[in-house]
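Each remark here refers to the structure printed beneath this line.
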Amino acid sequence: MARARATMPVPRTRFGAVARPDRAPKVTYSVIGICVVMYLLQWLTGGVVTERLWYAPLHTSSWAFEPWRMLTSALLHSPSSAMHIFFNMVALWLFGRVVEPAVGAWRYGLLLLLSAFGGSVAVLFLTPATTPTVGASGAVFGLFGAMFILLRSSGAQTGGLLVLIAINVAVSLLVPNISWQGHLGGLLTGLLCALVIARVPRGPHRSLWQGLGLAAVAAALVVLTGFGVPLVSPL
């Protein structure tokens, strides 16, 4: 009996994650916690942390090269607007607790990371060189895109989600001081990452191929960044 139990296949979700319905979405909670701590540090340091970690295209140019800001900026939020971090964290909580169990912690973590990176790549190409950006919105829009792909792959209805995405895109375009560029880049990257996760066929090496696919997305973003660096002008 013990041997039979030991050889039973581990139940997995449609997307390859170990099925643990009672497990808390630890990555989601961790990211929310880090963002809240960083927001407090932004307040306590009077803008020092913000200026050290925000991202503008000039930070990846021939004049300055601090590419880590493309990721660290996603952990910051506007100190002048508590609603900025509030809405991002609520969206991260609502969507993260669904997406993380479906795809598993490591896939989900890479999805967030790459979506944030993709948002910054779009900022690099589409935003004035000296315009700073902060916020987890790129990662959140990546979750929107990922949720759409996962629902479609599961045969579920996506009409309500499309309406939500359309509303958020409209707000990004119409409301001043919102980085629609970062939102767009995050959304497209999230769609691409979720396609990689969802479309890899089931099999003994599925996780490996998913990981390689996500690594390819990361490599593509790095290459795009390399192309964008010489295009940035401070004038």
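Including glycine, each Cβ sits where the backbone N, Cα and C put it.
Quick look at what TrEMBL lists:
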- 66-198: domain 'Peptidase S54 rhomboid' (DOMAIN)
- 27-50: transmembrane segment (TRANSMEM)
- 70-96: transmembrane segment (TRANSMEM)
- 108-127: transmembrane segment (TRANSMEM)
- 133-151: transmembrane segment (TRANSMEM)
- 158-176: transmembrane segment (TRANSMEM)
- 182-200: transmembrane segment (TRANSMEM)
- 212-232: transmembrane segment (TRANSMEM)
Next on the checklist: Counting by DSSP secondary structure, give me helix, strand and coil numbers for the domain 'Peptidase S54 rhomboid' (66-198).
Outcome noted: 103 helix, 1 strand, 29 coil
Item to check | Contact yes or no, the transmembrane segment (182-200) and the transmembrane segment (133-151), 3+ Cβ pairs under 8 Å, gap 6+ | outcome: yes
Item to check | Interface present between the transmembrane segment (133-151) and the transmembrane segment (70-96) (three or more C-beta pairs under 8 A) | outcome: yes
Checklist entry - Any residues 6+ beyond the ends of the transmembrane segment (133-151) with a Cβ under 8 Å from its own? => result 15, 31, 35, 50, 54-56, 73-78, 84, 88-89, 91-92, 95-96, 98-99, 102-103, 111-120, 122-123, 127, 157-158, 161-162, 164-165, 168, 178-179, 181-191, 193-195, 197-198
